[in-house]
Amino acid sequence: MTVSSAPYCLAGQVALVTGSGRGIGAAIAVELGRLGASVVVNYANSSAAAEKVVAEIQSLGSAAIAIQADVREVSQTVRLMDEAVAHFGGLDIVCSNAGVVSFGHLGEVTEEEFDRVFSLNTRGQFFVAREAYRHLNEGGRIILMSSNTAHDFSVPKHSLYSGSKGAIDSFVRVFAKDCGDKKITVNAVAPGGTVTDMFHAVSHHYIPNGEKYTAEERQQMAAHASPLMRNGFPLDIARVVCFLASKEGEWVNGKSLTVDGGAA
């Protein structure tokens, strides 16, 4: 797909995606680049994976750089935004994708696990949004990452993760009000099961007696959750993010959009 034939043109825009070295984040970064945006690929640990995403974006004709930062640390989030603006001269789109998954019965969740999950999924996203507001150009876009388990789809032993994402739905409603003075829209996407390496690592938790099935069998079973009878893939999420990032998506504001093919 060329920029001229793309549904949404992001040429001249600068986008930053946290946690974009792999999975959904990588797909978002690449799709933003495909639509013409210059992209900052953020990663916490694997520089090699992030550089592969950068190379793919550059092969599409868009500029891209990788910047390391652990967004659990607010000081690193500030540095990430500062470096992005210093390199590209401005910032128009911030997508907060970095997150962790967690499973555990209420009676077994430790304080350490609670802090691990909320420090990134909730606190981390809050301060990514704060710094995005401070750094974005007027008319920018903030897109956070929720989950269909936050509001539509209940999974046993998943309260910690679901709660950490449920806060995001509340954040975006209020952030949209706070960011109106800069004409910045704030939304979240709430994916359902999406086939990534993380999906394969935890899919047995979502399917009753899931440990009895192979990863391929679990993926086939998960496809039946949607009336469209297929799995969700990272590109499905990326396309919705790109719509929200575009000028066509301006009138969607303060919302969390479930992207799960009707599974929940």
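The backbone N, Cα and C atoms fix where each Cβ goes, and this holds for glycine too.
Feature annotations, courtesy of Swiss-Prot:
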type	residues	note
ACT_SITE	Ser146	active site, proton donor
ACT_SITE	Ser147	active site, proton donor
ACT_SITE	Tyr161	active site, proton donor
ACT_SITE	Lys165	active site, lowers pKa of active site Tyr
BINDING	Ile24, Asp70, Asn97, Arg130, Tyr161, Lys165, Thr196	NADP(+) binding site
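Shown on the structure are the features that Swiss-Prot records.
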residue: Ile24; record: NADP(+) binding site; contacts (Cβ under 8 Å, 6+ apart): Asn97, Met145, Pro191, Thr194, Thr196, Pro234, Ile237, Ala238
residue: Asp70; record: NADP(+) binding site; contacts (Cβ under 8 Å, 6+ apart): Ala44, Gln76
residue: Arg130; record: NADP(+) binding site; contacts (Cβ under 8 Å, 6+ apart): none
residue: Ser146; record: active site, proton donor; contacts (Cβ under 8 Å, 6+ apart): Lys165, Gly166, Ile168, Asp169, Val172, Ala188, Val189, Ala190, Ser256
residue: Ser147; record: active site, proton donor; contacts (Cβ under 8 Å, 6+ apart): Tyr161, Ser162, Lys165, Ala190, Pro191, Gly192
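Taking all protein chains in view, 23 other C-beta atoms sit within 10 angstroms of the C-beta of Tyr161 (active site, proton donor). Between the farthest pair of Cα atoms in the NADP(+) binding residues (Ile24, Asp70, Asn97, Arg130, Tyr161, Lys165, Thr196), the distance is 29 Å.
All protein chains shown were included, and the count of other CB atoms within 10 Å of the CB of Lys165 (active site, lowers pKa of active site Tyr) stands at 27. Residue density at Thr196 (NADP(+) binding site): 19 other Cβ atoms are found within 10 A of its Cβ, drawing on all protein chains shown.
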